[in-house]
Amino acid sequence: MEDSYKDRTSLMKGAKDIAREVKKQTVKKVNQAVDRAQDEYTQRSYSRFQDEEDDDDYYPAGETYDGEANDDEGSSEATEGHDEDDEIYEGEYQGIPSMNQAKDSIVSVGQPKGDEYKDRRELESERRADEEELAQQYELIIQECGHGRFQWALFFVLGMALMADGVEVFVVGFVLPSAETDLCIPNSGSGWLGSIVYLGMMVGAFFWGGLADKVGRKQSLLICMSVNGFFAFLSSFVQGYGFFLFCRLLSGFGIGGAIPTVFSYFAEVLAREKRGEHLSWLCMFWMIGGIYASAMAWAIIPHYGWSFSMGSAYQFHSWRVFVIVCALPCVSSVVALTFMPESPRFLLEVGKHDEAWMILKLIHDTNMRARGQPEKVFTVNKIKTPKQIDELIEIESDTGTWYRRCFVRIRTELYGIWLTFMRCFNYPVRDNTIKLTIVWFTLSFGYYGLSVWFPDVIKHLQSDEYALLTRNVQRDKYANFSINFTMENQIHTGMEYDNGRFVGVKFKSVTFKDSVFKSCTFEDVTSLNTYFKNCTFIDTVFDNTDFEPYKFIDSEFKNCSFFHNKTGCQITFDDDYSAYWIYFVNFLGTLAVLPGNIVSALLMDRIGRLTMLGGSMVLSGISCFFLWFGTSESMMIGMLCLYNGLTISAWNSLDVVTVELYPTDRRHRVLPCCPGW
């Protein structure tokens, strides 16, 4: 019995020794398998997209293997040689951390420090590193998604939005001559009508860019396009000059946000090798908008018969019909944009991984189906998302009311927009911001300054031609007469009119100087560019005329009567060839942009962005210089077409350069596309 007991004891010890040896060999084999798996894992092209939690299935070399065998009899290599009676010492040997040593023990085993122990500067540094990694990952993902039907659909939708904004910008120059007359705008106030839209665009570029980083590209674009369309449509009905300026200001406010958002939105679904070319093609819609506005102005505004009136207080002339027609592309773009998804790059920046992945899969599947490869699978499983930094909102004691909460929220959002804007002036993008600001300002000043100034130049040149045909009548006296025809391009100086009747007369560019009207009657008279300077009216009757007080300059009235005086200034384009000519000239200037667009799109990726930008600005500057020597309409028109054709390449290359020089969260601050600067 005793011998058999000893045999069983030795057998059990031998079995334990064998089990420990098997466990030791198993751990070594598992560690070797993990090393090989990790080597293969890092060599895969999309290894960075794999789920970080999958690493829990493997255990790095040197650590214990906590598999199922450990639940039975196995022990770690660190405690090899102990039997199950000594398990109590394993915890002591491994060193269980106490509460006051928690932080030190975490660092000692090589694990990352928790966010609660990091300051904001460390968190921002980690976020920048994550953004750099995301940029590389995202480029590979977009390449896998391919370029096809989805990008082209978004191209036309965003192109429609860009076209709508281009139309609204060109509207200012086209309606300026007509609106000045219809709204009785004095020469001193006409400058505001030409610049108010650009003021709104400047403010809008700052505000909507920040909103696009908060709520998304699509939502921001929808809101600002709706603002643009609504106030552009409303401006066609208002009668007062001040309210009209207010509507155009808010319309420009919407335009300012739409232009930079369009380019950022489209650039975020394009691979780098496609970006320069397709952003240049997108710029063509701005030209299409200018052609549309020119053609509509040419076809609508000169037709005075399209207008109507409701009494003498409400006048709706043809240029207002033109403003409504120009708002239609904006409405169409808003409707089309509702069917497009949000930018996946923006969603990744704000930590919405699942939504971004679904949109990227949609892009991939849409393009693959269009290529006839519906069976191709989207292989991306996990995308890196930057670390999200919590934003603290100041809570005051009286924020229980809804209006206080709204105020605090709006103030916080505006402060966040300001901080994001100031990041454009931090290292390492500060130098780029300053340089691009100068380029944007100079290019915008030249291009949009000429677009507003040129219609007045044509009008001035035509006025000089009319001046040569003006008839001067001096020192004469008329009595007991009646006039019922049109008087045009005449200057009457020192005249005396006694007992005369002006019935149904149309005055066009007629000026009376130092003249006397005695016992005269003006009935059913309309006037355009007609003024009475230092004249005297005695016992004179004005019935159903449009003579506003500003048309009487230093004039004197003695026992005069006004009946049914027409409110507002009267506008007419009957037999007015100059109106057709001005809009046709602008149509030619806009059409001249087409060759420059095609050249820039084809050569952007071949000769480089900066080469095209510098060459285009030098050549356009030279052509603009020769406008100084323009003495005829034909010469001015030719130089304008040449300038527009050369400068468009600079615009296209500058758009691409600005998009590529800045990260996603700062593109809207430095892509003003004219309104920002």
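The first residue you see is number 1, and the count goes up from there.
Cβ atoms are placed via backbone N, Cα and C, with glycine included.
These numbers come from a predicted model, not from an experiment.
As recorded in TrEMBL:
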{"type": "REGION", "residues": "24-85", "note": "region 'Disordered'"}
{"type": "COMPBIAS", "residues": "65-75", "note": "compositional bias 'Acidic residues'"}
{"type": "REGION", "residues": "100-128", "note": "region 'Disordered'"}
{"type": "COMPBIAS", "residues": "113-128", "note": "compositional bias 'Basic and acidic residues'"}
{"type": "TRANSMEM", "residues": "152-177", "note": "transmembrane segment"}
{"type": "DOMAIN", "residues": "154-677", "note": "domain 'Major facilitator superfamily (MFS) profile'"}
{"type": "TRANSMEM", "residues": "189-208", "note": "transmembrane segment"}
{"type": "TRANSMEM", "residues": "220-237", "note": "transmembrane segment"}
{"type": "TRANSMEM", "residues": "243-267", "note": "transmembrane segment"}
{"type": "TRANSMEM", "residues": "279-301", "note": "transmembrane segment"}
{"type": "TRANSMEM", "residues": "321-340", "note": "transmembrane segment"}
{"type": "TRANSMEM", "residues": "436-454", "note": "transmembrane segment"}
{"type": "TRANSMEM", "residues": "580-603", "note": "transmembrane segment"}
{"type": "TRANSMEM", "residues": "610-629", "note": "transmembrane segment"}
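Each residue in the domain 'Major facilitator superfamily (MFS) profile' (154-677) has a pLDDT score, and their mean in this model is 80. Using a Cβ-Cβ cut-off under 8 Å and counting only residues 6 or more beyond its ends in the same chain, the transmembrane segment (152-177) has close neighbours at 190, 193-194, 197, 201, 221, 225, 228-229, 232, 248, 251-252, 255, 258-259, 262, 265-266, 269, 278, 281-290, 292-294, 297, 301, 319, 322-323, 326-327, 329-330, 332-333, 336-337, 339-340, 448, 451-452, 454-456, 459, 579, 582-583, 586, 590, 674. If one looks beyond the transmembrane segment (610-629) by at least 6 residues along the same chain, the residues whose Cβ comes under 8 Å of a Cβ in the stretch are 439, 442-443, 446, 450, 596, 600, 603-604, 635-636, 639-640, 642-643, 646-650, 652-654, 657. Panel annotation: around the transmembrane segment (279-301), residues 155, 158-160, 162-167, 169-171, 174-175, 178, 262-263, 266-267, 270, 318-319, 321-322, 325-326, 329, 573, 579-580, 583-584, 586-587, 590-591, 593-594, 597, 600-601, 604, 648, 651-653, 655-656, 659 of the same chain, lying at least six beyond its termini, place a Cβ under 8 Å from a Cβ of the stretch. Long-range Cβ contacts of the transmembrane segment (321-340) within its own chain (Cβ-Cβ under 8 Å, at least 6 residues beyond either end) map to 153-154, 156-157, 160-161, 163-165, 167-168, 171, 174-175, 218, 221-222, 225-226, 228-229, 232-233, 235-236, 289, 292-293, 296-297, 300-301, 306-307.
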